[in-house]
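The following features are taken from Swiss-Prot:
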- Asn9, Phe10, Lys11, Ile145, Gly180, Ala201, Ser202: substrate binding site (BINDING)
- His92: active site, electrophile (ACT_SITE)
- Glu140: active site, proton acceptor (ACT_SITE)
Amino acid sequence: MSSPLILVNFKSYREGAGNAAGQIASAAELVMQESGVTIGIAPQFVELHPFCKHYEIPVYAQHIDAVEGAFTGRIPAFTVRAAGCVGSLINHSERRLTIAEIEACVEAAKFNHLESVVCTNNVGVSAAAAAFSPTYVAVEPPELIGSGISVAKADPDIIRNSVAAVKKISSDVKVLCGAGIQSGECVKTAVDLGADGVLLASSVVKAKDPEAVLRDLVSLL
């Protein structure tokens, strides 16, 4: 994907389901077309295939499992690819994995030609994740997730230091930041600190006017 990337995670919010989810996806498509900034979405699993078919935007899964076959209820990487997704989140703070599982999921993503967005919670874990050569490492201090307090303002060092740590391991791995991202100023600050984009959720999904929020997010890029 072109940089910067704004990736919107719908989580399991009611506001990110059904018709409301479609309205968010439509707004993301419109703002991406008008601004030229890449806006990806990670909708709920039942929406993956229809959204991939209907909208001209990058669609990511919220999780994949490094399995296939007789594993009821799991989400194999090949299924996500078959649905039309470009990638998947891995190890989100609300769906944590072991180091071995993270590595296996990154490899499953690569095998199925999917981008991998490995979520981390600090500089050390970001460096460890970079060793698996995912597409992105997305650092999110857990205490700021959903807080309305932007990591770009509250803890800019974690962005700057994560970028440095990741690039020391692999210059090919891109870095996103998340937690409390809610405005164009937050996005610009993150990019100025070296990030390749942002990962966010509630500020868009729970907004009364998601399109207006998305327009603000890209306004300073």
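Even glycines carry a Cβ here, placed using N, Cα and C.
What Swiss-Prot annotates, mapped onto the structure for a quick look.
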residue : record                       : CB count, 10 Å
Asn9    : substrate binding site       : 25
Phe10   : substrate binding site       : 23
Lys11   : substrate binding site       : 19
His92   : active site, electrophile    : 22
Glu140  : active site, proton acceptor : 24
Ile145  : substrate binding site       : 21
Gly180  : substrate binding site       : 25
Ala201  : substrate binding site       : 22
Ser202  : substrate binding site       : 21
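Between the two most distant C-alpha atoms of the annotated substrate binders (Asn9, Phe10, Lys11, Ile145, Gly180, Ala201, Ser202) there are 15 Å. A Cα-Cα distance of 14 Å separates Ser202 (substrate binding site) from Glu140 (active site, proton acceptor). Within 10 Å of Glu140 (active site, proton acceptor), judged by CA to CA distance, lie the following recorded positions from the set Asn9, Lys11, His92, Gly180, Ala201: His92, Gly180. Between the C-alpha atoms of His92 (active site, electrophile) and Ala201 (substrate binding site), the distance comes to 12 Å.
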